[in-house]
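I have placed the structure first, in the form of structure tokens, so that the comments after it can refer back to it.
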Amino acid sequence: MESLRIYNTLARDKQVFVPRQSGEVRMYVCGITVYDYCHVGHARMLVVFDLVQRWLRAIGYRVTYVRNITDIDDKIIRRALENGETIKSLTDRFIGAMHEDEAALGIQRPDIEPRATQFIPQMLGMIEKLETNGYAYQAADGDVNYSVRKFANYGKLSGKSLDDLRAGERVAANDAKEDPLDFVLWKRAKADDPQGASWASKYGMGRPGWHIECSAMGCTLLGEHFDIHGGGQDLQFPHHENEIAQSEGATGQTFVNYWMHNGFVQVDNEKMSKSLGNFFTIREVLERYDAEVMRFFIVRTHYRSPLNYSDVHLDDARASLTRLYTALKDVQPDALALDWNEPHAQRFAAAMNDDINTPVAVATLFELAGEVNRTCDASLARQLKQLAGLLGLLGREPRAFLQQATGAAQAGGLAADEIEAKIAARVAAKQAKDYAEADRIRAELLDAGIALEDKPGGSTEWRRV
């Protein structure tokens, strides 16, 4: 099998992946700020790095996968005040909702899922190191800031130079800062902050800045120098750039070897975002589409490419996934183990080892499905199911998927017992040689999104289309 190659944002190129410790991978991914339901952009990040960790394990690595939860933030505080509830009540509720969405999408839970509020002492410890090393200062307003110009390599991840940067990207300009580009490490508490929004420190009561949270959790849980750091493309700057400055400023060593970023989700060629009002929650999508359809919709696009969200694309994903399940409907896979020397498995592995190239990997699944349809070969069916399983797909009994109510069927389509009743009426019409009535019932069902397949022996199977 070829070596895994990953596009490293830091190098701006694909590189052969070489872990710091042979056979082991330590990976950190920036998770979700839990003040609302997860949207499709979150779903993409969750699925993408679920695929990465699944593949790393599939090719034999022992993986420690950390994905954090931001459970203290200005947005969280505002939402809790608006709702008249405590910060913990709000964050616990949306963490629970996130876990439900993850389970629906077939996302395996990370090995460690730290909450920012569990690591306040470690964050303060890192801030004190930065102060000792000359990178941090307490401003007149009580905030502790990072002195960006003190870090010689600032901009190495994003490719931005200090002269080209402007204040205001995710961090508002502040007259108390020594430089407008400086960012906050510790926010001084405000008089009207609610309970649970601040902690005692040598700098006074306050709470951590967003960037220091991930630096402290990553270094504490994975070590000061680890293999992979991932997140959405929008986090490349300033969040990940600031993580590097903080971590390397505190420890004096390289923070992360490989940086991976997934692309945006777009609607009509614009980034999906709350500010533009063009976003959809995972739950809104799952009211209309099966969760595996949504996962397949994400999987079949390369993780670094834009993902264009539309009903047309989701409908196409549903039709494509239906084709894969249909290939397995009448063929029982054999029980042999996956053999990576099999040609389809080799092509699949080559694709996944080429920067997690899921479009090519999915194309291999369709090649297999076509051969299963032609040959009804049990070993090919097994390969299809096994390889798809590495992508978190085709895990259900085929007929169960094909007969489920999704999309329009959920919004008032025929229930299973109604379909069976119409099939029985069609059988009766055929037995009475009333073939016109039998054809009428078939056409009526097709209009309702139900396709019939007459099997040898006189039975009839159905599926939703």
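For all residues, glycine too, the Cβ spot is worked out from N, Cα and C.
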Of Cys30, Cys38, which does Swiss-Prot put in the Zn(2+) site with Cys214, His239, Glu243? Cys30
Quick one: sort out which of 32-42, 164-174, 175-185, 351-361 is the motif ''HIGH' region' according to Swiss-Prot. 32-42
From 271-275, 326-330, 396-400, the residue range that Swiss-Prot assigns the feature motif ''KMSKS' region': 271-275
Pick out which of the binding-site residues Cys30, Cys214 has the most other Cβ atoms within 10 Å of its own Cβ. Cys214
According to DSSP, how is the motif ''HIGH' region' (32-42) divided among helix, strand and coil residues? 3 helix, 3 strand, 5 coil
Express the predicted model's confidence over the motif ''HIGH' region' (32-42) as a mean pLDDT, rounded to an integer. 96
Tally of helix, strand and coil residues over the motif ''KMSKS' region' (271-275) according to DSSP? 0 helix, 1 strand, 4 coil
So which other residues, same chain and not among Cys30, Cys214, His239, Glu243, have a Cβ within 8 Å of the centroid of the Cβ atoms at the Zn(2+) site? Trp210, His211, Glu213, Ser215, Gly218, His229, Gly231, Leu235, His240, Asn242
How long is the line from the C-alpha of Cys214 (Zn(2+) binding site) to the C-alpha of Lys274 (ATP binding site), rounded to the nearest angstrom? 23
Whose Cβ, among the binding-site residues His239, Glu243, Lys274, has more other Cβ atoms within 10 Å than any of the rest? Glu243
